[in-house]
Structure formats: C-alpha cells, structure tokens
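> Per TrEMBL, the features are:
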- 5-210: domain 'Phosphoribosyltransferase' (DOMAIN)
- 78, 103, 130, 131, 132, 133, 134, 135, 136, 137, 138, 203: 5-phospho-alpha-D-ribose 1-diphosphate binding site (BINDING)
- 197, 202, 203, 204: uracil binding site (BINDING)
Ligand code: URA
C-alpha cells in the first residue's frame, strides 16, 4: 500500500479551519469540497489516459483523454457523500457507485448496509471517498468489496488518517493482489478509546450533515 500525505500550505490552512469546533456545517461542507479537489489533483496523478487526436485552430496534434473504462468514484455513505462534488469537479466523466457502510460504535467493526455498484469492475480504477481513516476497518471492507468485483487499482482519498488505522489497513490488505494508494491531507497523532482520530475534527458525518440518530 502506498501512502501519500499531501503537503501543501493551502491544504493545511483549509484543514485547520475544518478541524476548528467553531466551524459551522455550511462552512465545513464548503471546505471539505475545496480540500477534496486539492487532494483529488494528487490522487489522480496516475489516472489512465489514452492518446486522442484533435485539431487546434493552428493544426493537428495528439493529446490525451481519459481511457475507457472510465474511473469509478465510490463515496462511502454517509460522510463520503460530502466529498463527491469536490472529486467530480476534477473527473466529471467518471462514473459514481455507492457503498453504505456503518461501524458498530462498540466493536468498531464495519458492515455494508447498501451498495450500488456494477457487478463487474474489471479493469476499473476506483477512487474511494471516506473522510476519516480511523481504525481502517471501513476502508479495508470497501477495498475488499471493490477488489472482489474486479477493480484493478484502488485509491482512497481521506481528509485525515490515524497511524493505527494505516497500520491496520496494511495488515488487512496483506496478500491482496491489487495496488492500493491512500491520499490524505494529514496523518494525525492517534485514535482515542472511542475510535476517534486525535486531534481529528470530530464526527465528519455529523459535522457535514448534523447529528442523525
Ligand atoms: N469517524 C469520524 O467521523 N471521526 C473520527 O474521528 C473517526 C471516525
């Protein structure tokens, strides 16, 4: 697994405002959107393209366009939805599939409660959107799911990651025959005993959409 922590002053600046408990939901949503676009720029560095002939007003040339099959963007519900627009701004012709995953707040185990994805993802590059790489359980389950459907290259975009989650994810992915990259805006200090990232930003879903019980 490759890990890429995006080191850029604008990313750090936006992330600082995002973390601040005084930041309200509308601002939190807007900043998430902006941050994801910056992360997506790094995350799509190896998106597959193919040669494409065009004619400019001055003459013919060969450029590139996104290769087929098109990349698949997979937000993990609920909080990953807040990252979707920021991602699609960079990849407007990508397809979108949905994975609903929830973690049991006592055992911290992840389970799938909804999915809307093609049965066959063979040859597809997948971009998973999940704001918090905390224990790594949700992301590991999502990556396994996509791999079982045939995805051959998976990149996860996370706003924040915890060292325990990254180590756990690496353990879960051992032996899995698919390249996995994690792109994140920061590697935080640790997890607390409730599985929250410290210093983190709190519950990403609640901060994006308000508390739903
Ligand atoms: N999920 C969140 O929303 N926040 C955390 O800190 C960990 C998991």
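Cβ coordinates come from backbone N, Cα and C, glycine included.
Unlike curated records, TrEMBL annotations are generated automatically.
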> Relative to the Cα of residue 204 (uracil binding site), which of the binding-site residues 132, 134, 138 have a Cα no more than 10 Å away?
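The binding-site residues passing the 10 Å Cα test are 132.
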> Of all the binding-site residues given, 136, 202, which has the fewest Cβ neighbours within 10 Å once its own Cβ is left out?
202
> Among 78, 130, 134, 136, 138, please name the binding-site residues whose Cβ is nearer than 6 Å to ligand 1.
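Cβ < 6 Å from ligand 1, in sequence order: 134.
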> Can you name the residues of this chain that are 6 or more positions from residue 132 (5-phospho-alpha-D-ribose 1-diphosphate binding site) yet have a C-beta less than 8 Å from its C-beta?
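Those within reach of residue 132 (5-phospho-alpha-D-ribose 1-diphosphate binding site), by Cβ under 8 Å and sequence separation of 6 or more, are 79, 158, 159, 160, 197, 200, 204.
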> In whole Å, note down how far the CA of residue 203 (uracil binding site) lies from the CA of residue 134 (5-phospho-alpha-D-ribose 1-diphosphate binding site).
11
> Excluding 197, 202, 203, 204, please set out which residues of the same chain place their CB within 8 Å of the center of the CB atoms of the uracil site, keeping sequence order.
131, 132, 196, 200, 201, 205, 206, 207
> Which whole-number value in Å describes the distance between the Cα atoms of residue 78 (5-phospho-alpha-D-ribose 1-diphosphate binding site) and residue 202 (uracil binding site)?
15
> Rounded to the nearest angstrom, how far is the Cα of residue 138 (5-phospho-alpha-D-ribose 1-diphosphate binding site) from the Cα of residue 203 (uracil binding site)?
15
> Which has the fewest other CB atoms in a 10 Å radius around its CB: 197, 204, the listed binding-site residues?
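Result for the binding-site residues 197, 204: minimum number of other Cβ atoms within 10 Å at 204.
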> By a simple count, how many Cβ atoms lie within 10 Å of the Cβ of residue 134 (5-phospho-alpha-D-ribose 1-diphosphate binding site), its own Cβ left out?
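Neighbour count, Cβ to Cβ under the 10 Å cut-off: 27.
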> Report, in whole Å, the straight Cα-to-Cα distance of residue 202 (uracil binding site) from residue 130 (5-phospho-alpha-D-ribose 1-diphosphate binding site).
14
> Looking only at Cβ atoms, how many others are within 10 Å of the one on residue 78 (5-phospho-alpha-D-ribose 1-diphosphate binding site)?
16
